[in-house]
There are 2 protein chains.
Amino acid sequence: MPQRLDVNDPLFPHAFQALLGMKRETTDEVNDAVRAILDDVRLRGDAAVIDYTTRFDHMTIGADGLTIGADEVDAAVASCPRHLIDSLEVAADRIRAYHARLVPQDMDYTDDTGVRLGARWRPVAAAGIYVPGSQAAYPSSVLMNAVPARVAGVKRIAMVVPTPGGVLNPLVLAAARICGVDEIYRIGGAQAIAALAYGTETVAPVDKIVGPGNAYVAAAKRQVFGTVGIDMIAGPSEILVVADAHNDPRWIAADLMSQAEHDSAAQSILITDDAAYADRVAAAVDELLSRLPRGAIARQSWSENGAIIVTDDLMQTAPLIDSIAPEHLELAVTDPDALAARVSNAGAIFLGRYTPEAIGDYVAGPNHVLPTARSARYSSGLSVLDFMKRSSLIACDENSLRVIGGHAISLAEAEGLGAHALSVAIRLDVSGD
Amino acid sequence: MPQRLDVNDPLFPHAFQALLGMKRETTDEVNDAVRAILDDVRLRGDAAVIDYTTRFDHMTIGADGLTIGADEVDAAVASCPRHLIDSLEVAADRIRAYHARLVPQDMDYTDDTGVRLGARWRPVAAAGIYVPGSQAAYPSSVLMNAVPARVAGVKRIAMVVPTPGGVLNPLVLAAARICGVDEIYRIGGAQAIAALAYGTETVAPVDKIVGPGNAYVAAAKRQVFGTVGIDMIAGPSEILVVADAHNDPRWIAADLMSQAEHDSAAQSILITDDAAYADRVAAAVDELLSRLPRGAIARQSWSENGAIIVTDDLMQTAPLIDSIAPEHLELAVTDPDALAARVSNAGAIFLGRYTPEAIGDYVAGPNHVLPTARSARYSSGLSVLDFMKRSSLIACDENSLRVIGGHAISLAEAEGLGAHALSVAIRLDVSGD
């Protein structure tokens with residue numbers, strides 16, 4: 001059974017802090033293993049990548065087998081049911097439309113001192129996309145990573161996806177095809193991150209690596225940060241559902257389990273204002289767990305990491321929500337907008353009783369790569385902004401430099417930076433030069 | 001003398017790659033030292049912070065001395081020359097005006113399927129600002145970090161600044177006052193980063209830490225990333241000046257030295273199309289070095305890390321510039337806009353002969369905290385965006401869920417995620433439930 005917390009329990013603050021502090025990942029020994037893999041790939045290139053792929057993915061490949069070619073993608077696409085290709089295309093179109101609205105505007109203006117100022121956004125030249133394999137080889141993740149990169153204008157997209165035992169979901173390749181991603185490598189883990197960051201004989205290095213992965217991938221991304229950019233350190237998935245007693249408990253149970261079924265380390269939390277309703281949801285979860293294909297995973301997640309919090313007034317829960325800073329926040333209440341307006345920290349907010357979180361995982365349009373582990377306090381879901389960077393522009397002429405330059409000279413001298421001061425003064429003929 | 005490279009030298013590609021690969025930081029042994037400090041502060045709080053401050057900053061303080069109070073700020077402000085306060089205020093106003101234009105717009109719209117979608121930006125609740133002490137205790141850095149946080153709407157800003165030997169530039173406190181920053185601690189190094197990330201008895205934890213620092217600060221920021229957000233890993237400063245022979249060589253020499261004087265690890269590079277002009281700039285640098293207050297530092301930077309690249313046609317240098325991905329790019333050429341349009345990777349671009357880099361360090365308006373060490377390939381200067389995060393908004397009603405829900409069900413089933421599929425189907429009465 002999940003934890004049960006009541007805000008009126010004198011011990012609630014303690015229990016809530018313990019819930020916030022729950023560690024659902026262990027990365028200590030992982031870091032050392034990852035460091036060795038990164039160093040080895042940097043040193044030995046393809047040979048190291050092949051060794052680790054043999055060891056971890058239980059498959060024998062040569063350097064010419066690292067690449068997944070167009071023929072293989074053709075065959076995969078041909079093997080996919082037409083209705084699923086259609087659904088992927090609808091999803092890609094909707095993700096494209098949403099992300100196109102997030103493309104930042106350049107600016108270029110001259111202010112009242114005559115100084116011309118601007119900001120100019122450009123795409124990164126090359127992006128690497130990590131697509132998890134095995135239990136999480138999701139075609140939807142390909143779309144969520146590759147479409148924003150395309151919308152941003154990234155010219156080169158290199159995708160890596162491990163194929164343990166040589167097995168790969170053909171829909172993953174179909175999704176890549178739909179996004180126009182044609183540079184694909186059958187590698188994963190820290191060795192794939194290393195190949196993207198440092199380059200090998202086969203894989204040219206990229207400028208930025210995005211995409212979720214397991215603890216090894218997360219550790220590898222953290223370690224190569226600086227050599228390349230990364231999006232975020234993704235942890236296990238989370239959902240916080242705020243639901244009043246007017247919801248069908250089976251709907252809410254399905255929503256809670258839709259995160260729990262991802263991973264036994266996932267976390268599903270319900271906040272409700274009705275203890276009897278909490279019981280009905282818990283019962284509906286139990287009933288559902290016996291029928292789910294991934295019921296064992298979901299059951300473990302729910303019993304180990306799940307929580308039900310009973311409170312007095314759902315409209316007063318914003319501080320709790322902000323402390324949890326959930327990846328997914330579902331507001332199944334009568335006035336979801338009023339509650340949403342009070343909330344600051346959430347990766348994505350699902351408003352109302354007819355907006356299950358899963359709709360955002362596939363076809364709503366916004367990204368499903370979202371900040372986990374309370375990082376919604378300071379970070380955002382993946383978007384075109386992750387594939388672009390901004391240069392500021394400054395242009396003075398002699399007149400405008402004269403208007404503002406004196407302040408620069410004063411401050412530079414106060415900071416003891418003589419060349420800074422001189423570089424302005426010499427242009428204005430106000431120095432001793 | 002700095003390196004001299006000629007694009008027509010057959011060995012140029014090799015020499016240029018070596019220039020790009022130059023490591024100007026060593027952090028290997030630093031990482032272990034930093035890890036120990038972080039662990040100690042997490043465990044012992046204020047006591048550990050005080051111990052490290054005693055050891056590294058050579059000063060004895062108690063827990064009540066960690067905070068710099070309003071009285072101390074008052075006294076510092078009173079001791080500053082009025083014209084410098086004025087210059088700081090002009091700078092703050094200009095930084096505020098520029099960054100206000102970078103505040104992202106929220107969006108909220110309903111698409112043609114009836115699905116309501118949005119994106120909502122909110123400030124982080126608490127930001128920590130690291131201000132370097134000793135040789136780099138710059139009031140301008142306070143403005144560049146704190147003003148964007150204020151413009152973003154951050155409610156709590158906690159500033160840390162080490163005061164080695166008890167010494168602090170009063171202008172740093174004056175700058176904090178101008179930005180309305182009144183929570184200030186006299187601590188620095190990894191111990192200050194730890195205090196901001198984990199909290200101590202005196203320092204409440206923040207959500208995001210920004211600001212440049214030395215190798216220890218950079219390593220500490222990297223290690224606490226995930227517990228809190230960070231802006232970037234700032235390395236030594238860099239400038240790339242592209243200048244034709246029509247520039248006064250003394251102007252260009254001053255610009256090159258304005259980065260070199262920051263730090264012996266700083267890097268100044270000149271690209272010009274005239275070998276004789278390159279000689280004139282080099283001679284002007286030599287003449288200047290003998291007169292600069294920080295000439296010894298600048299001389300070491302220039303001789304160890306500086307470079308002059310002679311090329312045929314400055315308008316063809318964009319690929320070189322993009323490979324260098326400089327923090328500061330100065331285009332002292334006849335048509336700077338035409339060249340800038342070809343460049344993708346640069347933290348800030350200074351257009352034309354009358355725009356020395358130093359004007360951007362103080363009063364132009366854009367930020368002077370910019371990506372170093374080639375990270376302009378994938379990242380941007382500090383801005384309001386670093387102090388905000390975006391939540392996506394999704395709202396379906398029964399009708400719009402029916403329009404797009406079928407695709408979500410299909411894809412969820414194809415991914416083997418039964419609860420995902422069910423959470424949509426159950427609301428549409430299309431499941432067996």
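From the backbone N, Cα and C atoms, a Cβ is placed for every residue, glycine too.
In TrEMBL, annotation is done automatically, which means it is predicted and not curated.
Cross-referencing B:Asp207, B:Asp322, B:Asp361 against the Zn(2+) binding annotation in TrEMBL, which names B:Gln259, B:His262, B:His420, picks out B:Asp361. Of the residues proposed, B:His83, B:His99, B:His328, the one TrEMBL records at the same substrate site as B:Ser237, B:Gln259, B:His262, B:Asp361, B:Glu415, B:His420 is B:His328. A distance below 8 A between C-beta atoms marks none of the recorded positions from B:Tyr130, B:Gln191, B:Asn214, B:Ser237, B:Glu327, B:His328 as lying next to chain A. The two recorded residues, B:Glu327 (active site, proton acceptor) and B:Glu415 (substrate binding site), have Cα atoms 44 Å apart. Taking the binding-site residues B:Asp361, B:Glu415 in turn, the residue surrounded by the fewest other Cβ atoms inside 10 Å of its Cβ turns out to be B:Glu415. Among the binding-site residues B:Tyr130, B:Gln191, B:Asn214, not one has a Cα within 10 Å of the Cα of B:Gln259 (substrate binding site). B:Tyr130 (NAD(+) binding site) falls within a strand segment according to DSSP. Around the Cβ of B:Tyr130 (NAD(+) binding site), the number of neighbouring Cβ atoms within 10 Å comes to 28. Other than B:Tyr130, B:Gln191, B:Asn214, the residues of this chain whose Cβ falls within 8 Å of the Cβ centroid of the NAD(+) site are, in sequence order, B:Pro132, B:Val160, B:Pro162, B:Gly188, B:Gly189, B:Ala190, B:Ala192, B:Ile193, B:Gly213, B:Tyr216, B:Val217, B:Ala220.
Rounded to a whole number, the distance between the Cα atoms of B:Gln191 (NAD(+) binding site) and B:Asp361 (substrate binding site) is 28 Å.
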